[in-house]
Every structure is written in C-alpha cells, then in structure tokens.
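Residues or ranges marked as transmembrane segment by TrEMBL: 6-22, 60-80, 92-116, 137-159, 165-183, 222-241.
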Amino acid sequence: MLFCLIGYFLGNILFGLIISKIKKIDLRNVGSGNVGATNSLRAFGKIIGVSVMLFDMIKCWLSIFISVVLYHFIVPMFLSKDNSYLYEQNGFIIYLAGLFSVIGHCFPIFYIYALIKYKGDFNIAKKYSGGKGAASTAALLFSISPWIFVTAFCIFFIVVLTTRYVSLSSIIAVSLSCFLTLIPHLDYLYILNIPNLSIIDSIPNVNQAYNVVNIINYQNNWWYILSIFLILLFTSSIVVYRHKQNIIKLINKNESKIF
C-alpha cells in the first residue's frame, strides 16, 4: 500500500502542465489537449518535449527506487532466518510503485476529485486528466529489465519510422512489452536493488541496498515472472485506454503524424 501511494502521488506531478503554466499557455487547449511529452513537443518544441518525457520517466523511476530502499529496510524487520526467502520472492511489489506512478500520471487526484464532485461526468473531469503514460511506462520497463526496455524501444522506433505515428508506436510497444517477459533469453530480469540475503538482520547492511543487479531466472522463478507480467499487462492496458481517441483517429485516418 505504501509503495502504491508513493508511486501515485509522484505520478501526479505533471511536468507538461508545470511548463505550460510557466509559458502561460494552457497545454490542455493546444493540439490534442494532452499534457504529456508528445503534445508538449508540438506546442513548445523539441527541447521542452524531450525534457517533459525525461522528467516523466524520472518520476516513475524515482518512485521505484524509493520503494526499493524502503523495502530493503522495512521488510527484513518482520522476517526471521526461517522465512527469509519471502524477501526475495515478494520483491516484485516494488514495481507496484511504477504501476501506480503511471496511474497517477494518467488519472491524477484532481481528476478523481472532479469525477466525484460532478457525479461521474467525464466531459467535465477530463480537463483535469493527466498524460497517456507512455514515458512513465518506459521507465518502469527499464527498472525491470534493460533488455526488455531496449527491445520495446526498438519496436517503438521501427513503428515510428515506418508509420510516423507516435500514438500507434506507443500502443504497439507497450502492448508487447508484457509478453517480452515470457520470451526465452529475455527471461533474465535485472531487478533493481533487491539483493539475495543469506541472513536477515533486523537492520541490513546499508550498502546492500545499492547492489547493481540481482539476476532471476525465469525457469526457476515462474511466480516472480508471472507477477511482473501481470503488472505490465495492467500498465499497458491503462496506456492503451488513454490512447482511445488516437485509436479512433487512426481508424478514421486523421491522426497527426510526428514528421
């Protein structure tokens, strides 16, 4: 629950909206009306667009990193040597922070409040909605596995070059990302700083929290992989849902191209 809250409220920081306030141009009244990186690029140029994308990625990664540190210090306090295996087997819960960062980015607290206040009127509440979550999802993928991130990015890049549609590229890349965890030889997940502990101490060695990687093999850890698969499946479903207007435009062949 704590990791979910950390991710959600960090996800509420909408850098596209912050920059639009600085520029005194309401990004929600420009282009697609979205406050994410793509619309920021169209409205303010490449430098700002890329900056928004990077900051959206960083906030997701930061939520996972904070969760890693908390997990490393808090969980061992409740475990003994006999059940220390639970520490490693349940390490996937740190990625709930990444999932909820995407949720917070797409559906910030003001959007939820507006839905409640206006009794589910989406037309009124949508002006308080966030971005579409593609950049934050990319950060989640990188936190799980550099190999999966690079593969998903290559898919995105190829589709962009082929079709020139960023929306279609994002939809395809995130939709396939969860299935990449099931592909042999991509089944080594570089788990962000969850170390193997031979002995669980009440206060673990602080340096253990910053181990570079912990490699988990798919064949011997199907439960771990399944859990991450489901997290990514839910994440990709949210991102695809947030692109519903783009999907309609793609079907009607009036979606904007990036170049």
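Here the Cβ of each residue, glycine as well, is placed from N, Cα and C on the backbone.
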Among the ranges 6-22, 60-80, 137-159, 165-183, 222-241, the one whose Cβ pairs under 8 Å to the transmembrane segment (92-116) are most numerous: 6-22
Other parts of the chain folded back onto the transmembrane segment (222-241), taken as Cβ under 8 Å at six or more residues beyond its ends: 89, 91-92, 95-96, 98-99, 102-103, 106, 132-134, 137, 140-141, 144, 170-171, 174-175, 177-179, 181-182, 187, 189, 216, 247
